Amino acid sequence: MGALRKPLRPGLYAITDNRLTPPETLIPAVEAALRGGARLVQYRDKGSSAAERLSQAQDLSSLCQSFAVPLLINDDPELAIRVGAAGVHLGQNDCALSDARRRLGDEAIIGITCHHSMELARSAAVNGADYLAFGRFYHSDTKPGAPPASPEVLGEARTLGVPVTAIGGITRTNAEPLIRAGADLLAVVGGLFGGQPDDIEARALAFSQLFARHHPLFSLSE
Ligand SMILES: Cc1ncc(COP(=O)(O)OP(=O)(O)O)c(N)n1
Ligand SMILES: Cc1nc(C(=O)O)sc1CCOP(=O)(O)O
Ligand SMILES: [Mg+2]
C-alpha cells in the first residue's frame, strides 16, 4: 500500500443511515463516532426529501470541519458541492467517476464501489479514484442484497497503490481479519450506529484500537 493520499487517514469510516441515524439523532450520533476516532464520514440517506438532505448535509459538513475529518456524500456530487463536502462515494450505477471529477475538481475525494472485482478496481484506480471499496464481507442488515466479497481481494487491491476500504456487516468483533487482510478503512453503518446510542463513542473507539494494533500506518494521536 502506498501512503494514503489527500487527507485520507486509515481507520473507521462512519456511514450514516436514515433509519439508524434519523434527523433528530444524526448530529449527536456522528459527533460520538468522531470523538471515538472516526477518520472519514459519509452521508448516506436513501429516504429523505431533497430539502432534508440539504439541511442534514450542511449540519454534518460543519460538524466534520470542526473535527478536521472529511465528509463524503453518497451518490450526489451536486449536494457535495452545495455543502462544501470533501467529496463523494459512487457506486457502479451512479454517475461516472470522470463526470464527478470534472464537477468536483482534483482535490475532491472520490471513492468507488468495486464489489469483489479487481477489474473494476483497476479501472477505478486508472481513472483517479481516491479509494477502492470492496464488500460486502459479512451479512448486512443495511444492504442485505449487496454482492458478497472475500478478504483476499483486499490484499490483491493493495498492489494498486490506492487506499482500500472494506464494507458490509462489519462489527468490532469481526473487523480484525479485514484490517489484517489489507483494509485501510472500515466502512460501518449498523456495527457503529445500531444498538444503544450511548455506546457509539465506545464502539468507534474499539475500531480505532483495532487499527492501532493491526494497521501499520494508524496513529491514535493524529
Ligand atoms: C464506502 C462505501 N462502499 C460502498 C458503498 C456502496 O455504494 P453503492 O454501490 O453505490 O450503493 P449505495 O450505497 O448507493 O446503496 C458505499 N456507499 N460506501
Ligand atoms: C451501503 C453498503 N454497500 C455495501 C456493498 O457491499 O457495496 S454493504 C453496505 C451496507 C453497509 O452497512 P452495514 O455496516 O450496516 O452492513
Ligand atoms: Mg450509490
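Don't overthink the numbers, they just go from 1 along the chain as shown.
Just so it is clear, glycine is given a Cβ too, placed from its N, Cα and C backbone atoms.
TrEMBL entries are annotated by machine, without manual review.
Taken verbatim from TrEMBL:
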BINDING   Gln42, Tyr43, Arg44, Asp45, Lys46, Asn74, Thr113, Lys143  4-amino-2-methyl-5-(diphosphooxymethyl)pyrimidine binding site
BINDING   Asp75, Asp94  Mg(2+) binding site
DOMAIN    12-191  domain 'Thiamine phosphate synthase/TenI'
- Query: Got a sec? Which of Tyr43, Asp45, Asn74, the binding-site residues, have CB under 6 Å of any ligand 1 atom?
  - Reply: Asn74
- To the nearest whole angstrom, state the Cα distance for the pair Asp94 (Mg(2+) binding site) and Asn74 (4-amino-2-methyl-5-(diphosphooxymethyl)pyrimidine binding site). 9
- State which of the following binding-site residues has the fewest other Cβ atoms within 10 Å around its Cβ: Asn74, Thr113. Asn74
- Note on the structure: DSSP says Gln42 (4-amino-2-methyl-5-(diphosphooxymethyl)pyrimidine binding site), in three-state terms, is strand
- Query: Among the binding-site residues Asp45, Asp94, whose Cβ has the fewest other Cβ atoms within 10 Å?
  - Reply: Asp94
- Query: Of all the binding-site residues given, Arg44, Lys46, Lys143, which has the fewest Cβ neighbours within 10 Å once its own Cβ is left out?
  - Reply: Lys46
- Query: Of the binding-site residues Lys46, Asp75, Asp94, Thr113, which ones put their CB under 6 Å from ligand 2?
  - Reply: Thr113
- For ligand 3, pick out the binding-site residues Gln42, Asp94, Thr113, Lys143 that have a CB under 6 angstroms away from one of its atoms. Asp94
- Which of the three DSSP-derived classes (helix, strand, coil) applies to Thr113 (4-amino-2-methyl-5-(diphosphooxymethyl)pyrimidine binding site)? strand
- Can you tell me how far the Cα of Asp75 (Mg(2+) binding site) sits from the Cα of Gln42 (4-amino-2-methyl-5-(diphosphooxymethyl)pyrimidine binding site), in Å? 10
- Show which residues of the chain containing Tyr43 (4-amino-2-methyl-5-(diphosphooxymethyl)pyrimidine binding site), separated from it by at least 6 in sequence, have their CB under 8 Å from its CB. Thr16, Arg53, Gln56, Ala57, Leu60, Leu71, Leu72, Ile73, Asn74, Ala85
- Least buried by Cβ count (within 10 Å) of the binding-site residues Gln42, Asp75: Asp75
- Note on the structure: Over the domain 'Thiamine phosphate synthase/TenI' (12-191) the mean pLDDT stands at 98
